[in-house]
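Undergrad: Annotation comment: TrEMBL describes CYS71, CYS74, CYS111, CYS114 as Zn(2+) binding site. Feature annotation from TrEMBL assigns Fe cation binding site to GLU86, HIS103. Under the heading compositional bias 'Basic and acidic residues', TrEMBL lists 131-151. Per TrEMBL, region 'Disordered' is recorded for 123-151.
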Amino acid sequence: MRALADCRDFTSAQELYALLLAGDHAIGLTTVYRALRELEADGGVDVVREGTGGRLYRLRLADGHRHYLMCRDCGRSRPVDSEAVEEWASRIAADTGFTAVEHTVELTGVCTDCLRCADACRPSSGDEGDERPCHWDRAPDPRDRARSCAS
């Protein structure tokens, strides 16, 4: 999926569908979901869950299972060294006698850009009406992630 490859960060099936329609591609949302499921089964995409429980996808650029740290404010993601998580899962499996153990680990936080913005938006004098403008003057909209995809 070329459209998914053009996305720099995780995107939802609905966002991907909207991008395809905007690019004059005649495709159905069901087809997008089916393609993403097939890519996931083949190990071709990384999948994370957003705060609302929805699934977000990104083309897998390297072999193997990866973990990501996702910003709760803007949705930006960063891959993290997952060796400790993999060792932990293997140790749990060995300690319990289980085999073929799979795991899902969701790491979320606030990125430095959003933290910097939050600091800049705080009132300087303690007055509630003295807030400075900020790029997150509203609750983050998951559709903003679509802007990280080439159109």
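Each Cβ is built from the backbone N, Cα and C atoms, and glycine gets one as well.
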Undergrad: List the Cα distance (Å, whole number) between HIS103 (Fe cation binding site) and CYS111 (Zn(2+) binding site).
TA: 24
Undergrad: 10 Å Cβ neighbour count around HIS103 (Fe cation binding site)?
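TA: The answer is 13 other Cβ atoms.
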Undergrad: Specify the count of other C-beta atoms within 10 Å of the C-beta of CYS114 (Zn(2+) binding site).
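TA: The Cβ of CYS114 (Zn(2+) binding site) has 20 Cβ neighbours within 10 Å.
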Undergrad: Within the same chain, and leaving aside CYS71, CYS74, CYS111, CYS114, name every residue whose CB is within 8 angstroms of the centroid of the CB atoms belonging to the recorded Zn(2+) site, in sequence order.
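TA: Everything else in range on the chain: ARG72, ASP73, GLY75, ARG76, VAL110, THR112, ASP113, LEU115.
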Undergrad: According to DSSP, collapsed to three classes, what secondary structure does HIS103 (Fe cation binding site) have?
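TA: Where HIS103 (Fe cation binding site) sits, the three-state DSSP reduction gives coil.
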